[in-house]
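Feature annotations, courtesy of TrEMBL:
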type	residues	note
DOMAIN	A:24-137	domain 'PurM-like N-terminal'
BINDING	A:26, A:71, A:210	Mg(2+) 3 binding site
BINDING	A:26, A:41, A:71	Mg(2+) 4 binding site
BINDING	A:43, A:71	Mg(2+) 2 binding site
BINDING	A:43, A:121	Mg(2+) 1 binding site
BINDING	A:50, A:270, A:326	substrate binding site
BINDING	A:120, A:121, A:145, A:212	ATP binding site
DOMAIN	A:149-311	domain 'PurM-like C-terminal'
BINDING	A:213	Mg(2+) 5 binding site
């Protein structure tokens, strides 16, 4: 079975030539004007796979740009320019209300980050939206997946698993109260990319990635690229009140809802939070950054020598998980 | 009815900010290192719309890059970097033979132009392939659609209409001999972008576009953007022997096959030849360029003041046409 990562590795990765960094990170890097590199990335959302076809078009316009801005955040880059490839069904191509809402959502977020849409292509077919983004970062300063070192603390921003929990609730696998649902649905539909945080982590973090396919999978990419291992403490993984409720003691490990919540937290997609590693010597800088930015930053584990990722439970014994992340070829 | 051009104009075009050139040309332009601009473009091919789902994957890999290189050619830019967004069905994602052939076709052409694939995204869904390309061009020298001036000669490269004729034959609307079919099928499946020609036209042409949606539509874009009109001579539009055969005198204007051939020539998509305008004073430079490059360059008409595009027949009377080009929201 090819996963999406296999397809890239097997068929579309070759030794780099002029680029500073090729496929395999959150973005590619190429040298541009003196002292600056450009980070370039592309991310695609497919109807029925990444979003429900009847999703609010304004939030869809927001999200397709947000997931790309999140890649810039993970590189510590300032997003500047975007192109848009929009494949529309015949119905949507004639739906001015849908198009207006979609473009409004897109541009509202673009304006917030002063990102300019410089071009695009519109085609007919099953709904498919691809955004390419270009950002700037100081020469040699981009945050790569490959920089983690033994001894680094592992940090994540925000809460994990809320978007995945919202999806489970939309699919009626779990019931959320109105109060629980609101922040989870916001996390799913209108994620806010951590661009300012990413930029602040330049000169602080050794490595970074954005969590789009679940913590285990994405931290796994850092470990693979850096040639290191990690342990993380399950209890330290930041979770919202909604997710916490589903992990209550009365929901034992054999309880389906509890299992589902654990999966959301560790392997749910669509978080768009940053996972990054920082040497212990800079721990205070991260704590200060959290205070200044108002963003929750949680220290969840440690980079160690070796290979593999271990999640320690409350009793410090390793937990064993079935799901390792979200693979885009597996239908939801 | 929204056409694909309306969608871009209405919903996704805003005043440019930092870019030198935004949506509406073959590529956007942004300033990069001193003295150089970057041309950036994206083009998407959709299964069942731009190609048959059972097309040879190697030619598909070639073509999806070729159509993007053609945009660089139309800007006079040297293509450098590409990203690939590949949405694959579950069947194709597991089809190693297909993937290997597709990537071989893609890289064979990439190598020919020393284009580096620097990143991409693979997702699951109905087959949809989007390539983003970045090229370099000397500051201020890019060939735009907006530079045509009254008095300019209008030129096109190669033969027009062969790819469209091949499509008509695959759809069994017309019969081609084996000898006629071969070059037409090659034009459809493995177009060769006119990159060297585009670069040679810098400092020579006032404007340029690549013909992807048919001569009338694409020359029409030059006229719109430049605020000028044009007359072209039907008899001067370059055509292959195969297409010439279908336009024989015995096929009168009321003959279906003859009409179809005229449509292919004037409004067939997928030519990927260049249409460009050059001041009369540089006519000899174009003739010399044709001789040196071995590329057929045909002078087909004249830019004039005003608005509109007139095609003159053999008797110098204007011809009237139904089809103005290929709109991607209209199924083939």
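Any Cβ shown, glycine's included, is placed from N, Cα and C.
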### Task
For the domain 'PurM-like N-terminal' (A:24-137), provide the mean pLDDT of the predicted model.
93
### Query
Fewest other CB within 10 angstroms, which one of the binding-site residues A:71, A:213?
A:213
### Query
Expressed to the nearest Å, what is the distance separating residue A:120 (ATP binding site) and residue A:43 (Mg(2+) 2 binding site) at their Cα atoms?
14
## Note on the structure
Counting across all protein chains, other CB atoms within 10 angstroms of the CB of residue A:145 (ATP binding site) number 24
### Query
Do you know offhand how many angstrom separate residue A:121 (Mg(2+) 1 binding site) and residue A:212 (ATP binding site) by C-alpha?
25
### Message
Helix, strand or coil for residue A:121 (Mg(2+) 1 binding site)? Use DSSP.
### Response
strand
### Query
DSSP three-state call for residue A:210 (Mg(2+) 3 binding site): helix, strand or coil?
strand
#### Entry: Winner by Cβ contact number (other Cβ atoms within 10 Å) across the binding-site residues A:26, A:121, A:210, A:270
A:26
### Summary
Taking the centre of the Cβ atoms of A:26, A:71, A:210 as the Mg(2+) 3 site, the remaining residues of that chain with Cβ inside 8 Å are A:27, A:41, A:70, A:72, A:73, A:74, A:75, A:209, A:212
### Message
Taking each of A:26, A:43, A:71, A:120, A:210 in turn, which of these binding-site residues have a Cβ less than 8 Å away from a Cβ in chain B?
### Response
A:43, A:120
### Query
Within 10 Å of the Cβ of residue A:41 (Mg(2+) 4 binding site), how many other Cβ atoms are there?
28
### Query
To the nearest whole angstrom, what is the C-alpha distance linking residue A:50 (substrate binding site) and residue A:43 (Mg(2+) 2 binding site)?
11
#### Entry: Inter-residue C-alpha distance, residue A:213 (Mg(2+) 5 binding site) and residue A:71 (Mg(2+) 3 binding site) (nearest angstrom)
13
### Message
Given the binding-site residues A:41, A:43, A:145, A:270, tell me which ones have a C-alpha lying within 10 Å of the C-alpha of residue A:71 (Mg(2+) 3 binding site).
### Response
A:41, A:43
### Query
Measuring Cα to Cα, how many angstrom lie between residue A:270 (substrate binding site) and residue A:212 (ATP binding site)?
5
### Query
Can you tell which of the binding-site residues A:41, A:43, A:145 lies nearest to residue A:210 (Mg(2+) 3 binding site) in space, using Cα positions?
A:145
